[in-house]
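Annotated active site per TrEMBL: Asp305, in sequence order. Here TrEMBL flags His58, His60, Asp152, Asp305 as Zn(2+) 1 binding site. Residues or ranges marked as substrate binding site by TrEMBL: His60, Leu61, Arg62, Asn92, Asn278, His309. Annotation comment: TrEMBL describes Asp152, His179, His232 as Zn(2+) 2 binding site. Taken from TrEMBL, the feature domain 'Dihydroorotase catalytic' applies to 49-236.
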Amino acid sequence: MTVESFLITGAALATGERADIRLEGGIIAEVGLIPDAAGATVVDADGLIALPGLVDLHTHLREPGYEQSETVLTGTRAAAAGGFTAVFAMANTSPVADTAGVVEQEASLGLAAGFATVQPIGAVTVGLKGEQLAELGAMARSRAAVRVFSDDGFCVFDPMLMRRALEYVKAFDGVIAQHAQEPRLTQGAQMNEGALSGELGLAGWPAVAEESIIARDVLLAEHVGSRLHVCHVSTAGSVEVIRWAKARGIDVTAEVTPHHLLLTEDLVSSYDPRYKVNPPLRRAEDVEALRAALADGTIDIVATDHAPHPVEAKQSEWDAAANGMVGLESALSVVHASVVANGLLDWADVARVLSAAPARIGRLRGQGEAIAAGAAPELTLYDPSASSEFGLERLAGRSVNSPYLGRTLPGRVVSTFHAGYATLLDGVVQPSDEVARHASAAGGDRG
Ligand SMILES: [Zn+2]
């Protein structure tokens, strides 16, 4: 079977330079002024920015176990629609991804779907119960080659378990990705703790519940000389702790979600459960601190925390509604709106925080490479000039719990290329059977 080749013409690279890009033979074959490429499908990218394929370090794919919310197929289809070519799949599935068998199954489902590389995250503790370390070594040595471990959804609260996990993963250059939430301080919590939670009569979720765990964990990481990653940082105080830890030379990285860069707790006044998320939306001062931290490198990456839920889990009273928002399809536009439009980040920075750095933190090969001859054929074409109301037609996953529906957002992902093939072309997600056929012809999805 012949693998299709593409000639992308007139794209602006993240550096601002204009170039044609030829994808052929499972690599980016050529970048520059390319007069002609016989047999290639020509993609006109005039006015579009070519970014390396986006990499999400924090995606909930829900399969196995919660297929009414999302499957590996629908979640990676959402990834393609959002410009992502790789997603790290969180471990809170059913069964939990706490054994070599489950993580290998997850990776295989990703390969079969073909839309994006699915790199499984392993659970830190058995069943996410926080009682006993999972088989970290077996997951690392498995075909899924797990390097990121997380109990996300839950905090690894026991300091002794956290210490042992940090020590254990050093042997294979792994990292513990912590969902920093002191459980006792957040029992029954419904929104950010402050004046507004008092006014609305909702139980508060104090910033210190996040900040105290991060402070403890950076010290533990320093003590054992291991690598810590902090999930979805949401407060100005957390930024201060991480800034201090980095200045001290502690090996810590951190992520912020698109929604924590754009939305504030004021939206909770509507009692619309689309705005219910863990960690909660915070104050405008926190949003400002998170933006500044992303710009100055204190926060390393943007990760979506794509958390699909079926309609019935979100269309209920605020107290009963599930936490979480879908985020893959809107991520690039929200980053554009929150930190690019105001000049805090340029497109080269976007390529770093949404592609190169997450691939590096997760030790994922064949992703996050700058667009150049010889690099893996993973890229996305983005139209920065489009501005439109974010509608249901932009969502390509199974769930529709997006906080952006009805909101005007800048830009639009036009095309996505994964393993040298268009998974999204001219705004249309390509048929899954064709994508899967290509992925098997390409001999896998690692490019
Ligand atoms: Zn989390």
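Each residue, glycine too, has its Cβ placed from N, Cα and C.
Features recorded in TrEMBL, as mapped to the structure shown.
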residue : record                 : contacts (Cβ under 8 Å, 6+ apart)
His58   : Zn(2+) 1 binding site  : Phe88, Met90, Asp152, Ala177, Cys231, His232, Glu255, Thr257, Ala303, Thr304, Asp305, His306
His60   : Zn(2+) 1 binding site  : Glu70, Gly75, Ala89, Met90, Asn92, Asp305, His306, Ala307, Pro308, Gly324
Leu61   : substrate binding site : Glu70, Thr71, Val72, Gly75, Thr76, Val87, Ala89, Met90, Thr93, Glu106, Val118
Arg62   : substrate binding site : Ser69, Glu70, Thr71, Gly75, Thr93, Pro308
His179  : Zn(2+) 2 binding site  : Ser150, Asp151, Asp152, Gly153, Phe154, Cys155, Val156, Cys231, His232
Asn278  : substrate binding site : Gly153, Gln181, Asn323, Gly324
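The binding-site residues under consideration are His232, His309. Their Cβ neighbour counts within 10 Å are lowest for His232. Among the binding-site residues His58, His60, Asn92, His309, no residue is identified whose Cβ is positioned under 6 Å from ligand 1. Of the listed recorded positions, namely Asp152, Asp305, the sparsest CB environment within 10 A is found at Asp152. All protein chains shown were included, and the count of other CB atoms within 10 Å of the CB of Asn92 (substrate binding site) stands at 21.
The record assigns His60, Leu61, Arg62, Asn92, Asn278, His309 to the substrate binding site, and the maximum Cα to Cα distance across that set is 17 Å. Taken residue by residue with DSSP, His58 (Zn(2+) 1 binding site) is part of a strand.
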